[in-house]
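Visitor: Quick one: this structure, given as structure tokens, is what I'll be asking you about.
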Amino acid sequence: MTLLVGLGNPTLRYAHTRHNAGFDILDSLVSELDLSFTFSPKHNACLCVYKDFILLKPQTYMNLSGESVLSTKNFYKPKELLIVHDDLDLPLGVVRFKNGGGNGGHNGLKSIDLLCSNSYYRLRVGISKGIGVIEHVLSKFHKNEEPLKNAVFEHAKNALKFFIESHDFNAMQNRFTLKKPLKIES
């Protein structure tokens, strides 16, 4: 079993902000699979089980994401953990993968590292840097960024579909890494 976590903040206030990239990508995946999330009070998270994957959206707010991840890990005992998250150190249009390592100052990852460890896979979605970190990550994408954001989120969703079928992180990494921003046609 694999735990697949999309990071974000609950409530409409934060819907579709840069920091909610993980939520948005998982929502798109679940919708395409014709499934739905169910709220679990036990884990304070929205859950969806598909094949041998548990898809999770913590409802704790970003800085406490580790609480939901730990609770779910302890209950389901997954062999693998993959976190989908925004990364302001990467330009919009870039998708990278990582196995373990530091949290890069991402508070959701800090919480997971503190409570669970940092031994997990990551799907990092670039959101670019802006002036004022908090204001930037909690802002929505600009209208001129929407086409690129949509293409990148679709690319990330396809990477997750590949991973669900293959169970092969390295193959997903080799096939779906975007070191340079994705080119889209106007």
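Cβ atoms here come from the backbone N, Cα and C positions, even for glycine.
Found this in Swiss-Prot, in case it helps:
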- Asn9: site 'Discriminates between blocked and unblocked aminoacyl-tRNA' (SITE)
- Tyr14, Tyr61, Asn63, Asn107: tRNA binding site (BINDING)
- His19: active site, proton acceptor (ACT_SITE)
- Asp86: site 'Stabilizes the basic form of H active site to accept a proton' (SITE)
Visitor: Determine the Cβ neighbour count for Tyr14 (tRNA binding site): the number of other Cβ atoms within 10 Å of its Cβ.
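Guide: That number is 18.
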Visitor: Where's the emptiest Cβ shell within 10 Å among the recorded positions Asn9, Asn63, Asn107?
Guide: Asn63
Visitor: Rounded to a whole angstrom, what is the largest C-alpha distance between any two of the residues Tyr14, Tyr61, Asn63, Asn107 that the record assigns to tRNA?
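Guide: Max Cα-Cα spread across the tRNA binders: 16 Å.
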Visitor: Roughly how many Å separate the Cα of Asp86 (site 'Stabilizes the basic form of H active site to accept a proton') from that of Tyr61 (tRNA binding site), to the nearest whole number?
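Guide: Spelling it out, the Cα of Asp86 (site 'Stabilizes the basic form of H active site to accept a proton') and the Cα of Tyr61 (tRNA binding site) are 14 Å apart.
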Visitor: Other than Tyr14, Tyr61, Asn63, Asn107, which residues of the chain come within 8 Å of the tRNA site, judged by Cβ distance to the Cβ centroid of those residues?
Guide: Asn9, His19, Thr60, Met62, Leu64, Ser65, Gly108
Visitor: Which has the fewest other CB atoms in a 10 Å radius around its CB: His19, Tyr61, Asp86, the listed recorded positions?
Guide: Tyr61
